[in-house]
Amino acid sequence: MKFSYSLLKKLVPGIPSKEKFADVINLKAFEVEEATGNSMEIKITPNRFADAASHWGMALEAAAIFNLKTKLDDKPLNIPKGKGKVRVVVENKHACPVYVAHYLEVVKIGETPAWIKSVLEDCGLRPINPVVDIMNYVMLETGQPLHAFDADKLDGSIVVRFAKQGEKIVSLDNHSYTLTKEDLVIADKSGALAIAGIKGGKRAEVDKNTKRIIVEAANFNQANIYKTMKRIALQTDASMRFSRGLSPYSASIGANRASGLLKEVIKAKVVDSLVVAGKLPGKEIIEFNTDKFNSLIGLSLGKKQAADYLKSLGFKIITKALKNKNSFLVEVPPLRQDVTIFEDLAEEVVRLYGVNDLKPTPPLVGLVPVESDDIVNLKKELRTILVGFGFSEVYNYSFVDKKEADSLELMNPIAEDKKYLRVSLSHGLKSNITLNAREFATLRIFEIGKVFSTKNEEARFALGVKEPEAMLHLKGIISQLLKRLGLTDILMKDESNNSLTIKSDGVVLGVAHSLNSNSAIAELNLDALLKIVIAENEYRPLSKYPSISRDISLVVPRDIKVGQVLEVIDDVNLNHIQNVDLIDYFDNFEDDKSRLSLTFRLVFRSEEKTLTDEEVDKEFKKVEAALVSKIRAVIR
Amino acid sequence: MLRGRELHPLPSAYEADEQLLLFPAIQAFISTRILVVQPIFVKEYFNSVLLLNMNLKELQRKAFEEAENIEKKEHLESFRIKYLGRKGELTNILRSLKDLPVDERKSVGVDANKLKIELEQIVAFKEKEIGSLGEESVIDITRPGKKVNLGHLHPLTKIEEEIRNIFTSLNFSVVEGPELETEYFNFDALNIPASHPARDMWDTFWLKEGGKAKERRLMRTHTSPVQIRFMETHKPPFQIIVPGRVFRYEATDASHEINFYQLEGLMVGQNISLANFKFIVETFFKKLFGKNIEFRFRPSYFPFTEPSVEVDIKFPTKGRGDWLEVLGAGMVHPRVFESAHLNPRDIQGFAFGVGIDRLAMIKYKIPDIRLFYSGDLRFINQF
């Protein structure tokens, strides 16, 4: 929000130079984002609009921070009331807790004085005419948005009501808005005059011939204004303030100041006034316990010191003895709507003390063992292994353009190609492979991340490989990887010609796809893996007896798959078998493409004794017999 | 030669055996073959060895010692001939057995045969060991080394790991939570009411829900919901960090992304103070960026902390002299404790949130946040 440094200087004479002022405000109150010329951009946090989105509010802050006095024109005015010149009906007091109307008569509108114009310009507002300019100026001073109607253009009483569905209004700047039953309007018999708290309408606009003015200073329900502002996408100085919540007590303050200025600047005469109000909030009184404060902040302030900080900000200290000697009662100023509990007061005290000056103190707590989520450790281990295998890690977007059967869709996607939540990581890895293929002849990449479906959210990891015999490398990598993670029983079963399911202990962990002869992708479920990973390896005795290897070479028809051969060998239930490895694969046996030559190495070892050749031969013969009978292999 | 890795499982009792320690390779050999698996057998074995006559014992000691020093094939062959050859020393003893009385022949014979088997195994073992060393040859050692393909961790992973290590060293546990959240955990429970502009601090991606949906879902806009999820199931005191992906509905540019990473911190106990927060956060940043960085703490506003602060850092070196906004924090708001069914009278603590991407950009001098999600290996392989 823009502030005028010269107006602040006028309200709090004695504040330091703009730069110094900005530095200190930054450390004690609000972030000063930019300070060019006479104009300062100060970021008012959403909770402080009620009191600080105004020069008076900022002046009070500055006075407290720099220990100075303010000079505000906030003396109450003697204003006539109840003369019947203005009539207001508020249909919903929840939506509009306070409506203040002042009725003024003007002879000649004239010109806006330079001192008002310069403040408006510092704050980024364009001068229009003296009445409108004063409304804006008072908003900048007091934070209360105001509106002026030409009383002669009104048709009967002013009514604050919800719009009719489809009701239309043309704004001051000639935009037409169609309203709903949820939008609050200021209306008369002929229809809407203004979108309450957001924008004035064209019809009752004040112009240079205006002779009678009604100044409106109202308070509107924050949520109502917020919703309408969002729906019609119209952010104005007024809606910005109302949508964050203003104090109902601001309305009279604003109306008073406006009438005072109209009187002073354009010699207007205040003829009548009216206040329509529901029950306003009572005084907020909070107990401040100095011990509790010191414990929360890590300080040792005295009771008086804390009270002084609060007093400087306009809080009243109630002198009343409390049970707890280190406590006192604090009355919150009516505009400080953000202060409702002790912790809010604590913030006021500590920021004036200076968070920056607080001494960092190591916490005194009992040691507890660090217990991180298992998935955190698993991911770490996974990454270590994969990097060792030559995999580089990519991060892809969680949103994709591809819709699957169980995809979740965003209500408000940011782009057409980011409409759906990813159901798999593979999709992203495929694009990564394509993208990087231009630069890299071979690739190994992985991603760890969440995927989403109508069923659940799941942690996954995916591997992408681009290199000759990609699928076989990928299979080897997956086995080693899973073994490293502690799995012993790993099964990869072909589901189709180019995809395998990966299982362990009967749990499906994921799938591997061969995309083409030199690229393949696998995707595994981390949550499922986590459940079966054996956290700690157990030592198995090293065999003290030697192993004996036997190679078996066979020729089979081309359509027999290695998986089938391995299954046959597996089914034999060999004694003392330790390992079966395919050590040679030749798919063009004796220049015959219909035959496949395979060599397997069988390793035998006993845990109890040194095996004899006879024992091994006996087992080996069983394998030969099975291969011959079951898949009609020719043993070479 | 045996590697350290395989030596680890050896129980320390055997390492203390002085005789064995003299010959590490033999020790290792025997250990793998006999000692480790059957410790009782080993004791008996050595007892009986001690009972052997001096010749046999001395022969064993000598042979073991020699075997240990064999490094070449020729030496191994002469070793074999010396002990096991037709006129070898052990062969001689075995041959002389026939002259002994039956009783002694039996007892010495058993031991001598055992030693024979052992020496044969040593020869076989040494053969493998020497064989694996490869042929001696002369190569041009100034040739470039062979390329080794190692993978690269994503820079966000690297920095997250560094951050995790710092915080675990400060006794913080690492916890994670869902990325697809409910409106309740992301907003309401954190004291961010509906229809309030405070929500505008987090531009949100909402899920398109079917008519039956009980609760609106969204892509979490911060890691703070995990505060509630964790506190609902854990009793203070605790200190945790929560790294994870978060989402914001905003136009992307060099410093804004629709998804990015955040780290949440939460420390709760009986008297955890704002001064404690300053200690933890300063320690963290000094460890991450070096101990000379400067800090600035400013008041701020977050609905779920009271008081709230923001932390800026500044590097001492020239050219990086600007204050960088890096972290938002504060004392956990009593209503947040209440949301998690904890009594704010009994406990207090701090929470903070920091953008991991931003820290990585500062640390590695990365100019554009979008590079992290580009999947471009030319970028990733730099880390």
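Sequential numbering from 1, following the chain as shown.
Glycine is treated like the rest: Cβ placed from N, Cα and C.
Quick look at what TrEMBL annotates:
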{"type": "DOMAIN", "residues": "A:281-360", "note": "domain 'B5'"}
{"type": "BINDING", "residues": "A:Asp338, A:Asp344, A:Glu347, A:Glu348", "note": "Mg(2+) binding site"}
{"type": "DOMAIN", "residues": "A:543-636", "note": "domain 'FDX-ACB'"}
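Counting other C-beta atoms within 10 Å of each candidate's C-beta, the binding-site residues A:Asp338, A:Asp344, A:Glu347 are led by A:Glu347. Around A:Glu348 (Mg(2+) binding site), the same-chain residues six or more apart in sequence whose CB sits under 8 Å from its CB are A:Tyr309, A:Leu310, A:Leu313, A:Phe315, A:Val339, listed in sequence order. DSSP assigns A:Asp338 (Mg(2+) binding site) to coil in the three-state reduction, placing it in neither a helix nor a strand. Taking H, G and I as helix, E and B as strand and the rest as coil, DSSP gives the domain 'B5' (A:281-360) the counts 33 helix, 13 strand, 34 coil. Under DSSP, the residues of the domain 'FDX-ACB' (A:543-636) split into helix, strand and coil as follows: 29 helix, 34 strand, 31 coil.
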